[in-house]
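Trainee: From TrEMBL, here are the annotated features:
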- 1-31: signal peptide (SIGNAL)
- 56-77: transmembrane segment (TRANSMEM)
- 98-115: transmembrane segment (TRANSMEM)
- 121-140: transmembrane segment (TRANSMEM)
- 152-170: transmembrane segment (TRANSMEM)
- 182-202: transmembrane segment (TRANSMEM)
């Protein structure tokens with residue numbers, strides 16, 4: 001554990017808390033892509049198959065439980081909560097997210113660090129997480145006007161992965177044999193997908209204007 005890894009974890013946690021705050025207090029999921037949330041639920045479910053068999057630390061286990069529980073609870077709220085689900089913009093959230101799943105699974109079967117079930121599923125979760133934000137970004141481009149909590153949620157998601165890249169760079173220079181090409185490439189792709197959003201987020205903050213993405 002180092003300061004960059006901890007900062008990344010906390011940023012990721014804050015992003016989840018911001019989204020849960022929006023859902024619980026405002027009773028709204030407007031501007032949030034259910035497709036992206038479903039992909040994240042799959043990501044965590046396949047990444048943390050070892051949650052009860054491979055104990056690293058209490059911190060690690062607690063974080064796994066938080067991300068697993070929060071991802072499925074968000075999907076449940078958006079699909080089934082009688083008030084929250086009314087604010088879901090199904091007509092705009094039309095990205096065919098299922099087309100991302102099979103290519104990621106095939107890639108995980110072909111390119112992995114070790115051909116075991118858990119390792120393939122872990123690799124699959126990396127590939128899928130790298131592109132899981134796509135439905136959310138497409139939805140934001142279509143709706144254009146983005147409320148503050150949604151903007152902060154997406155920004156924190158992107159910042160979490162960017163901080164993890166800094167963590168990997170730090171570990172590469174301070175630890176022996178720290179080389180994980182699959183993780184690094186997936187993290188870089190994921191961060192690059194946020195580049196356009198980051199630009200307009202900082203522009204809106206700099207000019208004290210409402211965040212808008214070009215169509």
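For all residues, glycine too, the Cβ spot is worked out from N, Cα and C.
Any TrEMBL annotation is an automated prediction that lacks curation.
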Trainee: Can you tell me which parts of the same chain pack against the transmembrane segment (152-170), counting only residues 6+ beyond its ends and a CB-CB cutoff under 8 A?
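Mentor: Counting only partners 6 or more residues beyond its ends, the transmembrane segment (152-170) has Cβ contacts under 8 Å with 2, 4-5, 7-9, 11-12, 14-15, 18-19, 22, 32, 133, 136-137, 140, 178, 180, 183-184, 187-188, 190-191, 194, 197-198, 201.
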Trainee: Give residue numbers and ranges for long-range contacts of the transmembrane segment (98-115): same chain, 6 or more residues beyond its ends, CB-CB under 8 A.
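Mentor: Tertiary neighbours of the transmembrane segment (98-115) are 39, 42, 121, 123-124, 126-128, 131-132, 134, 180, 182.
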